[in-house]
Amino acid sequence: MRPLKGMRTYEVALDRAGLGPVAGVDEAGRGACAGPMTIAACVLPPRYIPELELLDDSKKLTPRRRALLYPLIKKYATAWSIIHISPEDIDAFGVTEANISGMRRAVGSLAVHPGYVLTDAWWVPGFSQPSLPIIGGDATARCIAAASVLAKYSRDCIMVEYDTEYPDYGFASHKGYGTATHMDAVRHHGASPIHRYSYSNVQRAHSDWMEVQS
C-alpha cells in the first residue's frame, strides 16, 4: 500500500483496499503495579475530522488535552469499547496474557465488526480478522491514537477515584506506577487491595512493611 500523508495513512489505505472498517487498539496501565490495565478499541471514519486534528499518542498529550479529546473521540467514532482488567486477573494470568486477551475482548466488544485491526506494536493472535502491529502506532495511526486516549483517560479517572478510597498511596499523582514515592507508601502502609501482588516491587515493599509489623 502506498503511504498517505498524516495519521490517517493506514486507515485510508486499508479502507481504499476494501479492508475497512479499521479498528485501532491500545492499552494503558500495563507498566503500573496497582490498579487495572485498561484496553480500548476504536473505529474512526476514514474521512478527515477537524475536531480530532490534535489527536496523538496519549502519553504526548497533556491531561487537559486528553480530557478534551475523550468525549470528541466517542462522539465521532464509528464504534468504541473500553474494558478494564483487574489486578487479580493480572496476577492470575500474567500481564502479557491479560493484555493479549484483553485486546481480543476489546475488539470483540465493538458495535461494528472491523475488517482489519491495527495494534500498537503488539502481535495479537486470535483476532477473527487480519491485523498489523505497528511500532509507535499510537503516534502514527489515528485509530490507535484514539484508542490510547480512551484507555489512558478512562484509567486515570479510575485511579483518581481510588485515591479517595486509599488516600495513603498517592494514586491520583502516579496513577499506580512504581515511583519511589509510591513504593515508600507501600513500605509504610502495606499493599492495598488494588496492588498487583505478583509484581516484584510490590512484593519487596510489602515484605518490608510486614517485617516492621512483626
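Note: Cβ is positioned from N, Cα and C throughout, glycine not excepted.
Annotated divalent metal cation-binding residues in TrEMBL are Asp26, Glu27, and among Asp120, Asp156, Asp163 the one listed with them is Asp120. Listed in sequence order, Gly24, Val25, Asp26, Glu27, Pro133, Ile134, Gly136, Gly137, Asp138, Ile144, Ser148 are the same-chain residues at least 6 apart in sequence whose CB falls under 8 Å from the CB of Asp120 (divalent metal cation binding site). The record gives Asp26, Glu27, Asp120 for divalent metal cation. Within 8 Å of the mean position of their Cβ atoms, the other Cβ atoms in that chain belong to Val25, Ala28, Ile39, Ala40, Met103, Thr119, Ala121, Trp122, Gly137, Asp138, Ile144, Ala147, Ser148, Ala151. Cβ neighbour count for Glu27 (divalent metal cation binding site) (all protein chains, 10 Å cutoff from its Cβ): 27. Averaged over the domain 'RNase H type-2' (20-211), the predicted model reaches a pLDDT of 96.
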